[in-house]
Amino acid sequence: MHIHDWPTNERPREKLLARGATALSDAELLAIFVGSGLRGQDAVQTARDLLHRHGPLRPLLDRPAKALERLPGLGPASACKLAAALELAHRHLMSALERGEALSDPPSVGRYFSQRLRARAYEVFAVLFLDNRHRAIAFEELFTGTIDGADIHPREVVRRALLHNAAAVIVGHNHPSGNPEPSKADRAVTKRLLDSLELVDIRLLDHFVIGDGRPVSLAERGWLE
């Protein structure tokens, strides 16, 4: 059955317009980009097959556009639309950070770090530098490592913060294993960063650990006190 033969309120596009994007499943959202689907399938079934064979959603969408276009049911047009939508989401969140809006909503900052770091095959430690009104000044990836970890140097974080005339920083790093639970080493590095930044009156507002699922906030755990 073609999607046009479905009840109107169950078609992905009409459902999105009537109830909002959050009402759609992953497959329904992906189906909007798929378009007509493969021969003998509707777009939602093609999207389900894509998620089943090449998913889940995060690793599927972390692929570059050139890799997406080779997947059955997508092609160049759909791949470009997906890549453009993801980049727009990234830029939208960064613009909110630059205006200081998203910093009143810690999960949004965590999502930003997740967008930047989650697809990396090795560990990356990044810093978001903020002014005295907690607006974003710059985002920098300062340290990289292997799949097992990255060497973090608090003095370099302090040096870059002073260079940017930052009043506060938020840091984050990814766990390539996919497990976002902070390790003892993560907590130890956080304490060293906190102490080093306090010496120059710069606040460490949070440390996010990025893996599969929701980023873990060390501030939320009470580990930055």
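Glycine too: its Cβ is placed from the backbone N, Cα and C atoms.
Residues annotated as Zn(2+) binding site in Swiss-Prot, with sequence analysis given as evidence: H173, H175, D186.
Summarising the annotation, Swiss-Prot assigns domain 'MPN' to 102-224 and lists sequence analysis as the type of evidence.
Confidence over the motif 'JAMM motif' (173-186), given as mean pLDDT on the 0 to 100 scale, stands at 92. The feature motif 'JAMM motif' is assigned by Swiss-Prot to 173-186.
For H173 (Zn(2+) binding site), other Cβ atoms within 10 Å of its Cβ number 27.
Summarised by DSSP class, the composition of the domain 'MPN' (102-224) is 40 helix, 35 strand, 48 coil.
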